[in-house]
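Visitor: Supplied in structure tokens, the structure appears directly below.
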Amino acid sequence: MASKSWLNILTFLCGSAVGFVLCSQLLSILFEEQKDIQPSILHNDPHARHSDDNEQNHLEGQMNFDADASQHKDENTDIADKLYQKVKILCWVMTGPQNLEKKAKHVKATWAQRCNKVLFMSSEENKDFPAVGLKTREGRDQLYWKTIKAFQYVHDHYLEDADWFMKADDDTYVILDNLRWLLSKYNPEEPIYFGRRFKPYVKQGYMSGGAGYVLSKEALKRFVEAFKTDKCTHSSSIEDLALGRCMEIINVEAGDSRDTTGKETFHPFVPEHHLIKGYLPRTFWYWNYNYYPPVEGPGCCSDLAVSFHYVDPTTMYELEYLVYHLRPYGYLYRYQPALPEKMLKEVSQIYKNEDTNVNQEPLKEKHK
């Protein structure tokens, strides 16, 4: 009887062990599948991850989209060219020594070429890239220090070279032409800044760091002065929130960056995370952080989107192609809101000088 009892116990223990092993393997498989479906950016803390420095980069070398420019030789860019002259944007890109070749060079090869001036801000100087050395340490706890010092550097060296000053990450993709249209309605001498507006912790809201944000010249002046007079201090390592608190203290307005239809232009994730319904779980922090009611699916994003975040190098080039090269034959753009009245007159004059009789509607059709 005793031997039978021991046999039952042994059988139970063996069965439990086998069950545990099989269960562990099954859970491991499920977690791997979940990891593939929900990429690592889906942290439940909006400040838990910024730009990973240890991601695998599967892209060797840079790509030159200008190498095949023959199809664009007759492209009419008069309006974009006029905006480039009238709405001058200095872009500074937050990066690090280990990311210059992994990420920053792909920013440099794509959207950064459309900035009026671009600077890459790192903890160490690199004269070959080149990158500005801010003499900080690397790490998430240094993000706000890097931001403060970067804006101070820009203020001291390039204040008169631009009207607007944009901060972006080395995994952010920015459509500068759309940003210029957005900013063309505003005066850079007014204290205002734009980005993806979040609402917690700051009464007027603050701008998401990853989606990028842009300060008017007056906002930049006030920000730098605030650290000289101790109106603002390094109050937190959470860069975007800390900067937002400072902006509120110094009476810099958190601007509305939505387009004329109410759609968002700055996006804290890659396009598919906003476009695919159900991709971001309802328990995810994102749904509680948006200042304006968030939309998922095709209505999520403006046709004149300004930025996307968590863009790896391969996707950087994909977006470059989709934004500036892919066209459906035979279509005029369906959504192209008018320019401000003063700028519209200036652009119209270009066509008049070319003996083109232009009013606002033909102007929209001509710039495709």
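Glycine is no exception: its Cβ is also placed from the backbone N, Cα and C atoms.
Pasting the feature list from Swiss-Prot:
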type: TOPO_DOM; residues: 1-6; note: topological domain 'Cytoplasmic'
type: TRANSMEM; residues: 7-29; note: transmembrane segment
type: TOPO_DOM; residues: 30-368; note: topological domain 'Lumenal'
type: DISULFID; residues: C91-C115; note: disulfide bond
type: BINDING; residues: M94, E138, G139, R140, K146, D169, H309, Y310; note: UDP binding site
type: BINDING; residues: D169, D171, H309; note: Mn(2+) binding site
type: DISULFID; residues: C232-C246; note: disulfide bond
type: BINDING; residues: W285; note: glycoprotein binding site
type: DISULFID; residues: C300-C301; note: disulfide bond
Visitor: A 10 Å Cβ contact count, applied to the binding-site residues E138, D169, D171: which residue has the minimum?
Guide: E138
Visitor: Where does E138 (UDP binding site) sit by DSSP, helix, strand or coil?
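Guide: In three-state terms, E138 (UDP binding site) counts as coil.
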Visitor: To the nearest Å, how far is the Cα of M94 (UDP binding site) from the Cα of C246 (disulfide bond)?
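Guide: Cα of M94 (UDP binding site) to Cα of C246 (disulfide bond) measures 19 Å after rounding.
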Visitor: Look up K146 (UDP binding site) in the DSSP assignment and report helix, strand or coil.
Guide: helix
Visitor: Quick check: of the disulfide-bonded residues listed here (C91, C232, C246), which one has the Cα closest to that of H309 (UDP binding site)?
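Guide: For H309 (UDP binding site), the closest Cα among C91, C232, C246 is found at C91.
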Visitor: For each of C91, C115, C232, C301, count the other CB atoms within 10 A of its CB; which of these disulfide-bonded residues has the top count?
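Guide: Counting every other Cβ within 10 Å of each candidate, the maximum falls on C91.
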Visitor: For C232 (disulfide bond), what is the secondary structure by DSSP, using just helix, strand and coil?
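Guide: SS state of C232 (disulfide bond) = coil.
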Visitor: Measure from the CA atom of G139 (UDP binding site) to the CA atom of C300 (disulfide bond) and give the result in Å, rounded to a whole number.
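Guide: That comes out at 32 Å between the alpha carbons.
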Visitor: How many Å separate the Cα atoms of C232 (disulfide bond) and C301 (disulfide bond)?
Guide: 34
Visitor: Grab the pLDDT values for the topological domain 'Lumenal' (30-368) and give me their mean, rounded.
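Guide: On average, pLDDT over the topological domain 'Lumenal' (30-368) sits at 86.
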Visitor: Fewest neighbouring Cβ atoms within 10 Å: which of the recorded positions M94, C246, C300?
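Guide: Each of the recorded positions M94, C246, C300 was scored; lowest Cβ tally within 10 Å is C300.
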Visitor: Of the binding-site residues R140, K146, D171, W285, which one sits closest to C246 (disulfide bond) when you measure Cα to Cα?
Guide: K146
Visitor: Cα of G139 (UDP binding site) to Cα of D171 (Mn(2+) binding site): how many Å, rounded?
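Guide: Between the Cα atoms of G139 (UDP binding site) and D171 (Mn(2+) binding site), the distance comes to 16 Å.
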